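Okay, structure first, notes after.
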Amino acid sequence: MAFFPKILLRSELESYLRNVFTNKELVAAVGGPEAENLFENLLKHLAHPPSFTTVRVNPLSTSIENVKSLLKEEIHKQFPGLNIPILQHPIVPDLLLIPVIGPRRTLKQHPVQVIVGAQCGNAVLRGAHVYAAGIVSASKWMKAGDEVSVFSDIEGKCKRGAKEFTGNKIFIGNGISELSRNEIFCCNNPVKGKGIKMTEPVYLSPSFDNVLSGYIFLQNLPSAVVSHVLNPQPGERILDMCAAPGGKTTHIATLMEDQGEVIALDKIASKVEKIKQNASVLKLKCIKAFCFNSTKAVRDQNCPDEQGDGPPFFPESFDRILLDAPCSGMGQRPNMVCPFSLKELTSYQPLQRKLFSAAVELLRPGGTLVYSTCTVTLSENEEQVAWALKTFPCLKLQPQEPHVGGEGMMGAELPPDQLKLLQRFDPSRVEFCSVDTNHCSAQPSDTIPLANKDTIGFFIARFLKAR
């Protein structure tokens, strides 16, 4: 069986993404074959994790140098004998980069096999161990302490409790079972706790679960760039409209030196609790999280002020707003399977426009609005920017600082000078390559450009609301 099939996504998703990369304007600009290559490269990259694990440091709690020292100790515990460097990003200084080694294609597979779900498999490829709840199937003779090979069921066809599975599966590494098969499938309720300790993952990436809590936050590079682009200042009132799980919210509060007010909204109560939990762990006091639908966050000015500082809010009441919008998530990596229907994938644009309209109304004149997604489609990115500029004459695109991604993609009728103001992180623009221990000793000047490009797919636009 091949390590990774060339295309891992469903045929209707393949058709959808193919349309993204073969629009008429793009084909006219770069030529049909190159547009097709972008599509093929994207699908290939989506199956693999980014080349670096990125860790955001909380400078309000400790120094960058202290975190680097503590992380080196942790990595040495997990991978004795390996000298894996920790690099500080030169443009995003609160971000540390740790190379991911792999894919390691020569690992020997064991007779005892464990099948996990696609989401669990994605997490393992980024350095996680296997928790019991993610195990779908295990060999009938598996005992605690056994060496096992772990596979990801990328089509969701393996039945829970099966003793073997011959369907489409991807090898993601070897580990030691911490539970027997009987313990995992003893009842209908999922068993909690670690099920498999990964000892030979296909991608060698350190696990930082519950490591240096309060000091670090695991965050993809583009996600960390967003908060810097927003450029929050101490004492301001800032709204994060779709905030869960709180990575960007806590980053905003940190950049403000925990001075001012950060309002975080999400419409799912359990996710709001996660925002509060992350804020507490990082000891941030300026964050106020509310369970609320941000499409309804604008308050009627005729209503009496009886609700204090919670939603809905009066128009023009925020200095800066981050709209990290719900999206199709087609930039997330690794992504070996897409559970969505084509109808669902194309349903996000109307919701994003409702949220955008609310954001413009809530932003004060002279304020900054940052719109971002973790997807690669034109319809949710450049087309939304073009729509916003036509719909809201008060908005003007602004330069972004830092600007470590590429320019916007052609195809949404935006002129070249506006495309240069956008920031698109596009994995298809970098050639896929394996990283081994020899590459880890490369100089920062060689590795930083790769770290900037080989990320999740992401998009950022920054607007100023005219006075």
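Residue 1 is the first one shown; counting continues down the chain.
Every residue, even glycine, has its Cβ placed from backbone N, Cα and C.
As the structure is a computational prediction, the values presented were derived from the model and not from experiment.
Pulled from TrEMBL:
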DOMAIN    141-466  domain 'SAM-dependent MTase RsmB/NOP-type'
BINDING   Cys242, Ala243, Ala244, Pro245, Gly246, Gly247, Lys248, Asp266, Asp324  S-adenosyl-L-methionine binding site
ACT_SITE  Cys374  active site, nucleophile
Other C-beta atoms that fall within 10 angstroms of the C-beta of Cys242 (S-adenosyl-L-methionine binding site): 21
In sequence order, which residues at least six apart in the same chain have a CB under 8 Å from the CB of Ala244 (S-adenosyl-L-methionine binding site)? Asp266, Ile268, Lys271, Val272, Lys274, Ile275
Greatest inter-residue Cα distance in Å for the S-adenosyl-L-methionine-binding set Cys242, Ala243, Ala244, Pro245, Gly246, Gly247, Lys248, Asp266, Asp324: 13
At the Cα level, what's the spacing in Å between Gly246 (S-adenosyl-L-methionine binding site) and the residue listed as 'active site, nucleophile', rounded? 15
Comparing the Cα of Cys374 (active site, nucleophile) with the Cα atoms of the binding-site residues Cys242, Lys248, Asp324, the shortest distance belongs to Asp324
Using CB atoms and a 10 A radius, I'd like the single residue among the recorded positions Gly246, Lys248, Asp324, Cys374 with the highest neighbour count. Gly246
